[in-house]
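K.L.:
Got these off Swiss-Prot a minute ago, pasting:
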type: COMPBIAS; residues: 586-596; note: compositional bias 'Polar residues'
type: COMPBIAS; residues: 597-609; note: compositional bias 'Low complexity'
type: DISULFID; residues: Cys233-Cys247; note: disulfide bond
type: CARBOHYD; residues: Asn108; note: N-linked glycosylation site
type: CARBOHYD; residues: Asn292; note: N-linked glycosylation site
type: REGION; residues: 570-641; note: region 'Disordered'
type: SIGNAL; residues: 1-58; note: signal peptide
type: TOPO_DOM; residues: 97-393; note: topological domain 'Extracellular'
Amino acid sequence: MCTMPATRDASGSGDASTDLIAARSLSSHQGQRSNLRIFKLLISCCLLMLCIYPNAWPWSIGPGSGPFSVSADSIKGRGDTHRLGEMGTSLSSSLPSSWLTQSNNHANISELLDNLLRGYDNSIRPDFGGPPATIEVDIMVRSMGPISEVDMTYSMDCYFRQSWVDKRLAFEGAQDTLALSVSMLARIWKPDTYFYNGKQSYLHTITTPNKFVRIYQNGRVLYSSRLTIKAGCPMNLADFPMDIQKCPLKFGSFGYTTSDVIYRWNKERPPVAIAEDMKLSQFDLVDCPAGNLTDIVYKAAAPRPQRRPFNNKDPPRPTSKVMTTFAGPAAKNQHVRGTGLKLDKGAFGTGRDATGGSGSTTGLSGTITLETNHPSEYSMLMVNFHLQRHMGNFLIQVYGPCCLLVVLSWVSFWLNREATADRVSLGITTVLTMTFLGLEARTDLPKVSYPTALDFFVFLSFGFIFATILQFAVVHYYTKYGSGECYFIIEELDSESGESETEPLTSDFRGSTESKIYEVIPLSMCAISMPPPPTRLGMLTSRNRRPRNRRHGLWSMKLLGLFDWRRRRKPPRADSDEDEDDEQTQLRANEAPTTSAAAAAAQAAAQAARISPPTGGRRRMSYYRREEMEARRKGKRTPQYNSVSKIDRASRIVFPLLFILINVFYWYGYLSRSSRILANTPDAST
């Protein structure tokens, strides 16, 4: 009973040991298989590297030769070396040839750039210690604007290309050029180009920095970038808006002198190219000449305080010694870089003080000595953009309205000289409108100290309008009667007049206690038309009229005769000594029967003869005096009126002719001047 379990245990332990041995053999066999797989993977990687870089391996794969020949024992009977070579050959043949060639080119370029930049110092210019490096520049202008007269600036978008030769970057290979990325740009030398008159210029960085570098086999480097340049443009607005502005662009090296770097325009391409689709809203780009300049800079030494003599109480006069000789016509921009000093050309080469040698100067604490033995010269390039302004906008907004206002002011010459209110209001309205128009025209201009061509035209128009008001003042000064109304003289009636005659006068004419009264009646009421010839019924009716109505009818006829004399200018009547009363004559004419045409004609002739004044001076005066005396005696109203002013008649011709003549001289002078400027456009270096 007790041994059986022991026997079973022994047999059980024997089975366990057998299983353990089998498990160990299985695990070792699996380990060998995994090692074999790893070894195969390494061999495959080596073959792949050999296919990718065949030139880097001096040996080739062949059956039973080469470093990749493996013995049969090492691969546990899985094949021989000939089979391994066939596997490598099949892998290399399965890859595309174009991909392999491109991979080889990339590898060659990377290796070439590494070799070129190995030991390259980008802080040293090309040919250091030898001749100066030549920088060739050309510009491609894509767009221009805005151009501001107030700030005197202009902006443009351009491709700024620079080219120079750096022999350290020369190479040999199948490719003629190498295009470098932006990251490689920081590893090579570049000129420190800056814009002399630049303001807020920047490089475009969307979507990536817009610049690239290209290297040629001979070591030439082409560096191109897209810039938006905002530069200053000193404008002369004397001919505005018929002006031609010259906006310069100056650039050069900031730190390298002419002994290190020289700037030149590219001879293979035009210095400044303009895009064909470029348009400006207010200007036309007529020309863009380019030239070379040399910027001569004089370095200023530090101020040295002067010692005061012990026995001299007066402080010494501070001086500034200037001894300089110009070196050719190219040396035009002479200044002290980094300071506010302005060199006096009159003191150059004379050895005298820059202050003129007389008088004392306050505000200087010492002397400033200019080191003129070795002035620094900087190479500089400049291009002038000649911009001709469009005049269409100003013709519509300024010139046209000014001319219309001047013509409108001439309407007062055709108004009556008595229409004071109308002529004055018209003149003041045109003056105020002209003032507003002149102020509005200068809103887009800087506050310059000199008048422009537009200001001259505005002043001219304002002067003509103001002269119109002065002309009316002179006309009004010589106006004898009225200021828009018709005046009549009324006197008290004689005491001998009857009540029937005084009653209508006092009721109609608003009599007063004064001996003479001036009553004002509008001109519209002074226009009285000729009544038709009286009929038989009318004559019968007129007999029954009251004396007041008859008197009003006689007054109307008399007033009509005075106005018709001015209009028709009929000859005077032959009998100037006729003293018959108008009322009696009219009554007789009304009472006489008009049965025949001869009687009617005789009556009309007599009436015309009575109302026509004489033309002679003496007869005219006697006629006026007689009419006035008759009016005073009978209480009638005598109208007083003025003739058309001779000044108005002359102004209708003189003012338009003078305005046209001045305009001809104005436009001819300014337009011909602009044409001469275009014809005699100087070079950019002047």
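The backbone N, Cα and C atoms fix where each Cβ goes, glycine too.
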K.L.:
Expressed to the nearest Å, what is the distance separating Asn108 (N-linked glycosylation site) and Asn292 (N-linked glycosylation site) at their Cα atoms?
P.N.:
41
K.L.:
Of these disulfide-bonded residues, Cys233, Cys247, which scores lowest on Cβ atoms within 10 Å?
P.N.:
Cys233
K.L.:
To the nearest whole angstrom, state the Cα distance for the pair Cys247 (disulfide bond) and Asn292 (N-linked glycosylation site).
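P.N.:
Spelling it out, the Cα of Cys247 (disulfide bond) and the Cα of Asn292 (N-linked glycosylation site) are 16 Å apart.
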K.L.:
From the Cα of Cys233 (disulfide bond) across to the Cα of Asn292 (N-linked glycosylation site), what is the distance in angstrom?
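P.N.:
For Asn292 (N-linked glycosylation site) versus Cys233 (disulfide bond), the Cα atoms are 19 Å apart.
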K.L.:
Count the Cβ atoms, other than its own, that fall within 10 Å of the Cβ of Asn292 (N-linked glycosylation site), considering every protein chain shown.
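P.N.:
Excluding its own Cβ, Asn292 (N-linked glycosylation site) sees 16 Cβ atoms within 10 Å.
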K.L.:
Could you say whether, by DSSP, Cys247 (disulfide bond) belongs to a helix, a strand or a coil region?
P.N.:
strand
K.L.:
Once the chains shown are all counted, how many other Cβ atoms turn up within 10 Å of the Cβ of Asn108 (N-linked glycosylation site)?
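P.N.:
Neighbour count, Cβ to Cβ under the 10 Å cut-off: 14.
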K.L.:
What kind of secondary structure is Cys233 (disulfide bond) part of, going by DSSP in three states?
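P.N.:
Its secondary structure by DSSP: coil.
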